[in-house]
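What TrEMBL records for this protein:
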- 132, 137, 211, 216: Zn(2+) binding site (BINDING)
């Protein structure tokens, strides 16, 4: 498979188009994140009143050896090798990029970034999707953590990784193209449940990124797209930290990588943002 990828078309549809380098590469395009614009005005009004929309949930389960035997030693993680962690497509300071600008509405900022991350992570996954099959990835697992899909009725489903990712992308695309949830037209307000929906979306997207690293880093490396993946991961992690969008326990499965990519050199991560979206609301 070449470095072809999916381009974002109208209404969240994807068509085969430019290379990943063209689609998500370059400092300028990363700086341009947050480009959603409303028709007829620059920003939306404040908090709305809207009935909560339910999004399918995901729960995780840690595997343990039932017979008390010591688990086999973990395989060396290729994505932690210094020669690969140092690869980025830009040296831009992402800690500054994710911060809420003074004159931008919080919900609009969350919507803009969340939508863009969804498209970019979908693009990144599409580059290795032919290697992610029901045979090669029989479960959606990262290390000793296995993820199950729970539908709207709460039915638990154990599925293969490609099925899981398909559930994620289908559900998220339905939300980000719904005018009642991610409004783009003048006069439309964000739902009261908007922040909780963004948190669930980010949780989904983190699982997909973690799976790419855990199961498909070799393929990503062969395609020479590890720099794009590292840049995307760094940007995403610093964004969810800044607004406290994903529980810290949820992201511990990738703590080793996060420590390397988000501390110091490639994005000035530190330990944590400004305490979440609620704090931003109070400051405004």
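Residue positions begin at 1 at the first shown residue.
Cβ atoms here come from the backbone N, Cα and C positions, even for glycine.
TrEMBL entries are annotated by machine, without manual review.
Note that this is a predicted model, so its numbers are computed, not measured.
Taking all protein chains in view, 20 other C-beta atoms sit within 10 angstroms of the C-beta of residue 137 (Zn(2+) binding site). Cβ-based neighbour count (10 Å, all protein chains) for residue 211 (Zn(2+) binding site) stands at 23. Taking the centroid of the Cβ atoms of 132, 137, 211, 216 as the Zn(2+) site, the other same-chain residues with Cβ within 8 Å of it are 128, 131, 136, 161, 162, 165, 212, 214, 215. The secondary structure of residue 216 (Zn(2+) binding site), as reduced to three states from DSSP, is helical. Here residue 132 (Zn(2+) binding site) comes close to 125, 161, 162, 165, 211, 215, 216: these same-chain residues lie at least six apart in sequence, with C-beta atoms under 8 angstroms from its C-beta. For residue 216 (Zn(2+) binding site), other Cβ atoms within 10 Å of its Cβ number 23.
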